[in-house]
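Quick notes on the structure that follows.
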């Protein structure tokens with residue numbers, strides 16, 4: 001069924017398709033239809049449950065940040081069977097983002113390229129929505145980024161302001177210093193700059209607090225960031241974000257578009273970083289990048305991820321993707337003799 005709908009949707013510009021999808025989910029959430037379709041999409045099995053950074057996840061498959069930037073449809077997304085939802089990225093200031101077109105499909109590669117630029121309604125508006133709207137029963141996190149116009153030196157105050165507006169209603173906070181689409185943002189992954197941001201947020205009461213790292217960091221820089229996270233007692237690390245690098249295997253003309261690449265081509269690289277991070281910390285790792293099948297999710301779990309997230313796979317696989325992954329994970333756990341997902345975390349380390 002999704003194949004027919006996908007053909008129609010893929011005939012439209014990617015961002016138009018996203019807006020149509022979001023509008024449909026918004027209506028479903030408003031009228032309560034998400035509660036009905038949740039019965040079709042949700043896999044309920046205690047073996048899938050994971051406890052990480054103070055939260056209980058009914059299953060390890062989450063919706064990554066970027067899909068619901070303004071926290072408009074978390075209940076509708078949870079109804080698709082996801083075990084957690086991460087909204088955002090949210091910035092202190094309202095931002096239009098970069099000029100369109102800024103989202104591109106690479107269908108032969110099951111990939112996307114985006115240069116959205118943290119387009120969102122701003123912390124005041126998103127925070128008010130989070131405070132006013134009921135949230136789903138699964139954990140909801142918020143991804144926060146730096147406003148484009150804020151100088152790098154003022155980043156700690158910028159992030160802290162955003163947290164003060166959006167942090168109370170959610171279950172965890174992710175500091176995004178790794179998007180390639182805000183000028184200079186990745187410079188904040190340096191130890192001193194990152195420490196200033198994280199310490200300011202901790203002083204403001206942000207907890208659980210995680211940091212999201214880039215797959216393009218040199219291993220020494222990743223090791224430094226993990227060491228800092230350990231020293232500060234962060235609650236977890238998200239590995240990874242999109243990459244600006246392009247594998248030679250990409251065949252679509254849009255592969256040359258500026259922006260971050262996500263989807264199948266970054267799966268192995270993301271898993272390598274999950275493993276690298278997990279070997280250096282006792283804190284939970286969130287694995288992101290190229291998760292589209294149960295095998296993809298299981299690979300990251302065995303490499304050290306407590307939970308995983310996806311976005312691009314929802315575009316290509318449709319609304320059943322979380323259900324298929326969770327059903328497949330149960331089969332993989334049974335095959336390998338694990339009693340639960342938690343037992344499989346880090347099995348390959």
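Backbone N, Cα and C atoms are what each Cβ position is placed from, and that goes for glycine too.
The model shown is predicted, which means the values in this text are computed figures rather than measured ones.
Under DSSP, residue 179 (active site, nucleophile) is assigned to coil, being neither helix nor strand in the three-state scheme. What Swiss-Prot records for 179 is active site, nucleophile.
Look at Swiss-Prot and you will find 65, 66, 67, 68, 69, 89, 143, 176, 212, 240, 263, 290, 311, 312 tagged as FMN binding site, backed by sequence analysis. Reduced to three states, the DSSP call for residue 311 (FMN binding site) is coil.
What Swiss-Prot lists as substrate binding site is 69, 114, 115, 116, 117, 118, 176, 181, 241, 242. For residue 115 (substrate binding site), the same-chain residues 6+ apart in sequence whose C-beta sits under 8 angstroms from its C-beta are 98, 102, 103, 180, 181, 257, 258, 259, 260. In the three-state DSSP assignment, the secondary structure recorded for residue 115 (substrate binding site) is coil.
Residues annotated as compositional bias 'Basic and acidic residues' in Swiss-Prot: 245-255. Within the compositional bias 'Basic and acidic residues' (245-255), the DSSP-based counts of helix, strand and coil residues read 3 helix, 0 strand, 8 coil.
Per Swiss-Prot, the feature region 'Disordered' maps to 244-265.
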### Query
Residues of the same chain, at least six outside the region 'Disordered' (244-265), with any C-beta under 8 angstroms of its C-beta?
102, 104-116, 179-181, 216, 289-290, 292, 311-313, 316
### Task
Provide the three-state secondary structure of residue 143 (FMN binding site) computed with DSSP.
strand
### Query
Around residue 117 (substrate binding site), how many other CB atoms lie within 10 A of its CB?
20
### Message
Using a 10 Å radius around each Cβ and all protein chains in view, which of these binding-site residues has the most neighbours: 69, 212?
### Response
212
### Task
Compare the Cα of residue 263 (FMN binding site) against each of the recorded positions 117, 176, 179, 241 and report the nearest.
241
